[in-house]
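All remarks here apply to the structure that follows.
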């Protein structure tokens with residue numbers, strides 16, 4: 001069973017015999033990649049009155065399907081986007097980026113309304129029309145800028161600039177006595193919707209400035225603007241200068257408080273480190289003291305050992321009882337002839353010869 005045509009059109013498989021990019025064929029319905037014609041990538045976009053248009057060729061508007069498939073290089077899809085673009089911001093740039101990327105080959109024309117129209121229909125602007133023109137010119141997605149653009153688009157204007165589609169957000173824009181100024185564009189099938197960027201708009205930026213008016217007035221006074229340039233009265237000028245001095249004093253006090261807190265924190269950290277080190281040293285000292293002077297300390301063993309050595313040095317050495325005794329042989333004595341008495345001896349020899357005398361006497365008795 002063959003797959004349906006829709007799945008066949010959405011198929012992205014590579015085909016060897018395909019003639020398009022990545023093997024795609026005409027049946028795949030994949031628009032070929034087109035080079036974008038853009039003056040704004042290297043230089044500011046030109047104004048519409050500076051661009052020559054060949055009016056000899058008839059103006060035939062392309063359909064949405066043809067634009068999505070891709071048009072020839074010499075016939076880009078001409079998309080028009082208009083606005084005030086006051087205080088040009090990222091929301092404006094994102095809207096123009098979406099308009100530029102609506103089709104593979106897009107030529108983006110941006111219309112900027114003049115000060116007169118804007119002040120009559122919307123309100124006063126911060127930037128004048130020349131500043132707003134210049135801001136849009138330097139957006140990278142813009143190919144052409146229309147100055148003094150109309151508030152409501154007419155068929156004559158669309159034909160003059162050969163516009164194929166008009167890009168804007170889909171929210172109805174009520175102005176100039178109309179509920180939606182783009183209603184006739186939507187009915188003609190020329191409307192291409194874009195998405196708004198939430199959280200950023202010209203009105204939001206102005207609201208921030210008005211809300212913090214005193215802050216920004218003081219800011220510009222500090223940067224050298226005069227009170228006359230800022231439309232600030234003499235009293236308010238002095239008030240702002242006084243507030244600035246008070247803020248400086250508060251900042252100095254705050255800096256001193258922060259520095260004092262840091263100093264106290266450092267002192268606390270150092271004190272904690274010193275206490276920890278002191279505890280470690282005290283434990284080490286107590287351990288060494290007990291090891292030296294405790295009940296079983298090294299000092300007691302040293303005293304015992306010294307006492308034993310002293311006693312050993314004082315007391316004489318005794319011969320062991322088990323050692324054999326040797327009898328000393330009597331020394332020979334000289335006898336007087338025909339006498340039993342020994343010759344006189346010195347007192348020192350008397351004790352040594354005592355045994356010999358005894359021996360001699362015993363021999364005389366035996367004789």
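Placed from the backbone N, Cα and C atoms, the Cβ positions cover glycine too.
Among the ranges 1-30, 31-60, the one that TrEMBL lists as region 'Disordered' is 1-30. Taking DSSP states H, G and I as helix and E and B as strand, the domain 'Cytidyltransferase-like' (80-208) has 45 helix, 26 strand, 58 coil.
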